[in-house]
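Participant: Feature annotation from TrEMBL assigns transmembrane segment to 54-75, 95-112, 124-142, 154-171, 183-201, 207-228, 326-347, 354-376, 388-413, 425-444, 456-474. Summarising the annotation, TrEMBL assigns domain 'Major facilitator superfamily (MFS) profile' to 59-478.
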Amino acid sequence: MRNDNQLIICLTHTNTTTNTDTELESDMGSRRDEEDASAALLVSSTESTSPATLVLVFATLVAVSGSYVFGSAVGFSSPAQTGIMDDLGLSVEEYSVFGSVLTIGAMVGAVMSGKIADRLGRRMTMGLSEMFCLLGWLAIIYSEVSWLLDAGRLSIGYGIGVLSYVVPVYIAEITPQNLRGTFTTVNQLMICIGVSAMWLIGTFVPWRTLAIIGIIPCILQVIGLFFIPESPRWLAKIGRWKDCESALRKLRGKNAEIIEEAAEIRDYTEALCQQSESRIFDLFQREYTKSLIVGVGLMALQQFGGANAIAFYMDSIFISAGLSSSVGSIALVIVQVPLTLLGVLLMDISGRRPLLMVSASGTCLGCLLTGISFLLQDLQVNNQFSPILALVGVLVFSGSYALGMGGIPWVIMSEIFPINIKGSAGSLVTVVNWFGSWVVSYAFNFLMKFSTEGTFFMFASICGLTVLFTAKLVPETKGRTLEEIQASMNPITSN
């Protein structure tokens, strides 16, 4: 279906009927003046589509190598736990520090990610992040004491904290509007594949070998970065117009018509350049309120809906429900990867909002089923049925999360903030995401001890709130250029 969402500049007209030609001409002239003023800031929506060129596909694959690194880091700790604790003589508490320090490093990286990406560019920022990941993996490989192990994990955490921001932003800035949702969601697909690969490979190889395998995608991305173009929108932001057009030409193809797209980027960027470079406190201005609420709200709801708590403590959930952890893990991998791929394929067909609401509804149902299974256990009712219900609930939650909730908040985050505040705003929402992950992961065991079923009912209510939040506040960004989306949500005000 054709997308009829057009860029709207909020101009108020009085629709009164007059009897004089002079008044009619004056009104028409006033409207033309207003339209000319609007055109000076923005170019209206285009319905053209661009093909997926080899350069665009290759650039996306190089970028999402960082997403695979992200997934590998998250998935490493579970299969490596027994081997590391035995070889280095770590206690459960010491290994818990090793597991949690990744999130601390990621929060630090997230705080700095936006400014680094704005200062160095998207490509160099990805390369810098991979240096931290490489050093971290090497520290883990050669560690014989716990502090070196923790230092390596902290370094990897910093790297993936930066990558979690810059990868979706880079992909969103290089892709045309008709492909942006699909290509940006590949970020989440590769995270899922990275986690799953570590889970599966880790059952067959020692933990040091698993860490060596973790280095491979880091090296591949560093090499690939030498052969992909920089983000044209970042080049426009720093005034390198010729390089911006050259990058667009490479990404769209030699015979592609890029004049209109380049003009739209240039006009919007020049309008934004009249405003001062943002600082973190500048985000809390009225014109950025809607974008900030949507970006921060989606990240908070994503994390407080319990996704990482279920992922980190999946084994204990299955064991508490009376199931084999290995059976649950294999079932989870079988469900997650195909549904993440389905979400990628549907992103630019169904749109962001419908997919997000379906996904959030599914996570709500999954948490309800899991909560009911633990409630039945406590009541000693249908004891044979409750483990199956718990497995179904976790699989429904994880599959639904993979379909949309895992990736769409990152897609929308990369689309809604204008280039002059993208660094500060992106850092803020990424920090909110990682902080939420840490809070929920830390509190999950305490919540489970207090009330197992109550914990999942709480997660279900938050997932239900996500459906309402999306329906009321989240815009549909499918088929619109970044400049259109950002101008509709963040009206440009003259100083």
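For all residues, glycine too, the Cβ spot is worked out from N, Cα and C.
Model, not experiment: these values are computed from the prediction.
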Participant: Mind checking which residues reach the transmembrane segment (154-171)? Cβ under 8 Å, same chain, six or more beyond either end.
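Facilitator: Long-range Cβ neighbours of the transmembrane segment (154-171): 60, 63-64, 66-67, 69-70, 73-74, 101-110, 112-114, 116-117, 122-123, 125-126, 128-133, 135-137, 139-140, 180, 183-184, 186-187, 231, 410-411, 413-414, 422, 426-427, 430, 433-434.
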Participant: For the transmembrane segment (425-444), which stretch among 124-142, 354-376, 388-413 has the most Cβ pairs under 8 A?
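Facilitator: Selected stretch: 388-413, with the most Cβ pairs under 8 Å.
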Participant: Between the transmembrane segment (388-413) and the transmembrane segment (326-347), are there three or more CB pairs that fall under 8 A, provided the residues in each pair are separated by 6 or more in sequence?
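Facilitator: These two stretches do touch.
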Participant: Take the C-beta pairs under 8 A between the transmembrane segment (207-228) and each of 95-112, 124-142, 183-201, 388-413, 456-474. Which stretch has the highest count?
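Facilitator: When the Cβ pairs under 8 Å are tallied, 124-142 comes out ahead.
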Participant: What mean pLDDT score does the domain 'Major facilitator superfamily (MFS) profile' (59-478) have in the model?
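Facilitator: Across the domain 'Major facilitator superfamily (MFS) profile' (59-478), the average pLDDT comes out at 87.
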